[in-house]
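Take a look at the structure below.
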Ligand SMILES: NC(=O)CC[C@H](N)C(=O)O
């Protein structure tokens, strides 16, 4: 069946249905990962985004029962060039097109994803629609009705309704309260491997809920939407800082810590979505290759230290491609965060040391 993709500036691509038929809308972003499509699709941070894969062959290894990063597919739509016709892998339990269809995810295949990516890189991330039924003009009109990503408050749509616990492996050392702003499954796993029991709490958790969980430290997860809307998480983070509870944040969590410290956040032109971005850890001087998925960034000074109500703060990590702030750390509090993904699902494991750093900070 023919499918149509229309961007908000009118650029149009015609391809074939991939996954479910019908209509879908979201913010178009491109992901440059050569592997890890199942983790990408199930990452709650992609809620309300239509993901364009730059790797031309998608679905080669099918889907399996182990690689989901949450309980469902979250992308609003999926755009690929050349889908696998017969997936093959020893872990595979089915095909990707079938999984997309089962979960009602509308996609499109057979389009020039390189041209689409170059367009997004030149013009910036923008709203998009995919349809198997509407004509171009009707689809464009619907795209223009959609809310932009800037100003979108989406945490409440992805957070867990009930708290749950991921137990430490091989002997309990510490307890962490993880605020679920859209958490990926691999994060509590990386903590569990270090003897940390994680209580995952809904985004509505209060400082009293954190105390009641017996937590030695707090973790702020990744998550979808515009961090400028996440006032509740920012207020909670300030209470955590005031009480001197150790804190570590990833991605959305980095933006929340940044805001709690008094910095602003801003929208990047087309964001960082991939698994090979070079980041400098200014604390050690080492460069790591890292997994990214962010459309916003923290506006903190790259040179010198900033004075904040919580003491001196410095930018600890910088992206070497474009000098975007990739991490902040408090020098007078046990609090730090990174904009990228040390849990690396998917992605290289270079940044795994950050979980060690967190455990060291808790134990110090
Ligand atoms: N992966 C994330 O946590 C993304 C954070 C935020 N939604 C952004 O796009 O920048």
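The backbone N, Cα and C atoms fix where each Cβ goes, and this holds for glycine too.
The secondary structure of residue 251 (active site, nucleophile), as reduced to three states from DSSP, is coil rather than helix or strand. Long-range C-beta contacts of residue 251 (active site, nucleophile), restricted to its own chain and to partners at least six residues apart, with a cutoff below 8 Å, comprise 45, 221, 222, 223, 293, 294, 338, 339, 340, 341. The active site, nucleophile annotation in TrEMBL covers 251.
If you look up TrEMBL, you'll see 341 (among others) marked as active site. Cβ neighbour count for residue 341 (active site): 28 (other Cβ atoms within 10 Å of its Cβ, all protein chains included).
Around residue 343 (active site), the same-chain residues six or more apart in sequence whose CB sits under 8 Å from its CB are 184, 186, 187, 189, 190, 250, listed in sequence order. Annotated active site per TrEMBL: 343 (among others), in sequence order.
Residues annotated as domain 'Carbamoyl-phosphate synthase small subunit N-terminal' in TrEMBL: 1-131.
The region 'CPSase' annotation in TrEMBL covers 1-172.
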Three-state composition of the domain 'Carbamoyl-phosphate synthase small subunit N-terminal' (1-131), taking helix and strand from DSSP: 26 helix, 50 strand, 55 coil
